[in-house]
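**Student:** Right, I'll just put the structure down here and ask away after.
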Amino acid sequence: MLLKNNGQRLIGLFIAIFILLLLMCASIVYGYTDTTWRMVLDAFQNNNGSNEHIIIETVRLPRSLIAAAVGGSLAISGVLMQTLTKNPLASPGIFGVNAGAGFAVVLAVTLFSVGNLQAFTWISFLGATVAVIAVYTISSTGREGLTPMKLTLAGAAISAMFASFTQGFLVINEAAFEQVLFWLAGSVEGRKMEILTNVLPYLIIGWLGSLIISSKMNVFSMGEDVAKGLGLNTGFLKIMVAIIVVLLAGGSVAIAGPIGFIGIVIPHVTRSIVGIDHRWLIPFAGILGAILLLVADIMARYIIMPQEVPVGVMTAIIGTPFFIYIARKGFNAR
Amino acid sequence: MSQYKNFRPMKGKVSFLLDKKATIVLIVLIIIAGAIFVLSTGMGDMKLSPLAVLKVFFGGGTEMETLVVQSFRLPRIIVALIVGMALAVAGGILQGIIRNPLASPDVLGLTGGASVAVVSFLAFFSDQNNALTVSIKWMPLAAFAGATIIAMLVYFLAWKNGVSPIRIVLIGIGISALMQALTTLMMIMGPIYRASQANIWITGTVYGSSWGNVAILVPWTIIFIVIAFFMVKNINILELGDDIATGVGGHIQRHRFLLLLISTALVGGSVAFAGGIGFVGLMAPHMARRLVGSSFGALLPVSAFIGAILVMLADLIGRTMFSPLEIPAGVFTAGIGAPYFIYLLFKTRSA
């Protein structure tokens with residue numbers, strides 16, 4: 001643990017928030033079109049309609065906000081999933097979120113020739129929700145109800161099934177493949193502000209919800225039996241977690257497509273910084289997730305300029321060395 | 001009287017226990033696999049009855065039938081069978097030594113490494129007209145090299161006074177995410193024609209298998225599966241966790257290394273010839289566990305045949321259902337396997 005007591009954690013949290021805000025501004029300033037910090041200020045105070053100001057308002061600002069919102073949501077839902085399944089390999093993907101959304105989008109493209117990002121938002125949100133409901137129902141049938149093991153297995157099976165259908169459609173239909181390849185890699189580029197504002201209410205509910213249940217997650221992480229013995233309604237908590245994961249991970253995939261790496265990695269990284277107390281873990285993970293995605297997105301613009309690298313690719317490239325370093329040092333979480 | 005029957009041939013010099021239920025399950029699975037093998041050989045543009053197929057196997061049948069069966073269908077079906085076995089056994093071993101139900105050849109980055117190798121192979125050896133400058137025959141080698149290099153890298157990075165399961169798997173996840181990222185990057189930056197060709201490979205297909213492939217793949221896989229069967233008792237011990245395994249006298253580091261080597265070899269061989277067929281390595285062992293319990297002596301052979309059945313069936317459906325389109329086998333492994341697995345989850349309520 002890097003931060004050992006609550007005082008240090010509080011300071012750490014402020015520093016992290018400060019870095020986050022700095023990166024959000026940097027994300028607005030740096031990119032293919034040359035802009036300066038002064039121009040950004042002007043764009044908001046007295047917009048003169050110049051090219052740069054329009055780009056800042058309609059392209060860079062939504063992009064920066066989206067990267068922060070999506071990164072944070074994915075990291076938080078990753079924390080919840082890893083605690084729920086008691087598996088360090090779990091991620092929102094295990095609930096079938098990405099596979100369901102991907103399948104829904106590919107289905108819409110091949111069968112109904114839907115082609116714009118706006119429509120993708122709701123279609124993928126729907127797909128993610130359906131997948132989570134399927135995984136949840138299948139794994140909670142039977143006497144003992146929802147066990148981490150059954151959830152993990154059912155989730156992995158359902159995700160694999162959706163992913164295989166998606167692959168199938170893409171192999172048959174090469175035109176669709178071309179169209180959704182970029183979406184399937186995950187990106188925060190080219191999204192309009194409306195896409196964010198449409199989904200934002202769900203994300204905010206998810207963020208608040210995850211903070212509300214954070215102390216209960218601490219009890220839950222001691223094991224189901226202990227948690228029940230201490231008077232926790234575990235069945236209710238599991239449903240809450242499922243709903244929050246749908247809101248956060250489903251919302252993220254709706255905005256940015258499947259971005260996989262953050263949901264697994266950031267929880268581990270965060271645990272090595274603040275320990276296993278969910279009341280700190282969840283907000284920290286949210287901020288660190290946002291930071292990683294912002295950094296990745298800024299770098300994605302510079303690698304092969306003027307083209308862009310999908311941000312999902314970039315998060316893995318930046319995050320992996322860091323993650324391996326922490327994995328070698330040893331997670332002191334367990 | 002009990003679940004087991006013991007054998008003591010050679011005056012008790014050799015003795016072993018046989019799990020009765022597992023034996024029955026295994027025999028049933030072998031029969032199903034055999035039936036699918038024969039049926040699959042008979043299906044296709046030119047239909048043959050199972051009887052005719054058997055006739056060809058034993059030297060009879062017309063010249064035309066023999067040609068179709070021997071040069072077109074048999075190699076790919078044998079490759080499907082062997083690949084299914086290899087992946088399932090490798091997955092079973094990995095789940096045992098890593099002690100995580102989500103472990104599979106994919107999470108260790110093996111498939112990812114092979115994918116990157118293949119995509120780069122397609123990208124770097126193409127000229128302006130999208131024609132390959134070197135023979136496509138080198139692709140399996142590229143895939144195999146990719147898988148092995150990544151396996152070594154993961155093991156090397158996870159080494160710190162020995163490797164612990166959790167470190168292997170987390171570093172494996174990191175590396176495989178990186179590999180996936182690189183694959184996507186190459187596919188997006190390269191020509192779209194190459195991307196969709198690579199996508200077919202990544203999905204996994206046994207299309208275009210030849211006797212040459214069979215001649216390499218079969219001995220390779222069989223050798224390592226046999227070695228794996230001899231190490232079953234060590235997997236059982238490793239599954240108890242490091243402390244107990246050391247306590248009962250297992251050489252955990254040596255065995256873990258050997259078993260990882262075996263699974264890498266198995267996966268490397270199968271990705272080389274059939275691409276990244278998913279799901280089998282992850283789910284076949286779980287299906288087997290639901291059928292015969294988690295002792296690896298029974299688990300490995302049963303999951304091997306479940307894997308073989310899955311891939312053969314997936315290939316059969318892929319090449320007949322949407323004819324003349326050919327769907328890669330990797331698409332259907334999960335399509336067939338997942339519903340059956342979910343049924344098993346339902347049926348065996350507590351496990």
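These residue numbers are counts, starting from 1, taken along the chain as shown.
Backbone N, Cα and C atoms are what each Cβ position is placed from, and that goes for glycine too.
The following feature annotations were taken from TrEMBL:
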type: TRANSMEM; residues: B:21-40; note: transmembrane segment
type: TRANSMEM; residues: B:77-98; note: transmembrane segment
type: TRANSMEM; residues: B:107-126; note: transmembrane segment
type: TRANSMEM; residues: B:138-157; note: transmembrane segment
type: TRANSMEM; residues: B:169-193; note: transmembrane segment
type: TRANSMEM; residues: B:213-232; note: transmembrane segment
type: TRANSMEM; residues: B:257-284; note: transmembrane segment
type: TRANSMEM; residues: B:296-317; note: transmembrane segment
type: TRANSMEM; residues: B:329-346; note: transmembrane segment
**Student:** What residues elsewhere in the chain lie close to the transmembrane segment (B:296-317), defined as a C-beta under 8 angstroms and at least 6 residues from its ends?
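**Tutor:** Result: 19, 22, 25-26, 29-30, 32-33, 36-37, 39-40, 43, 76-77, 80-89, 91-93, 96, 206, 225, 228-229, 232-233, 235-236, 239, 274, 277, 279-281, 284-285, 287-289, 327, 329-333, 335-337.
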**Student:** Taking residues 6+ outside the transmembrane segment (B:107-126), which of them lie with a CB under 8 Å of any CB in it?
**Tutor:** 94, 132-134, 138-139, 142-151, 153-154, 168-169, 172-173, 175-176, 178-180, 182-183, 186-187, 189-191, 194, 197-198, 201-202, 264, 267-268, 271-272, 275-276, 278
**Student:** Look over the recorded stretches B:21-40, B:169-193, B:213-232, B:329-346 and say which has the most C-beta pairs under 8 A to the transmembrane segment (B:77-98).
**Tutor:** B:213-232
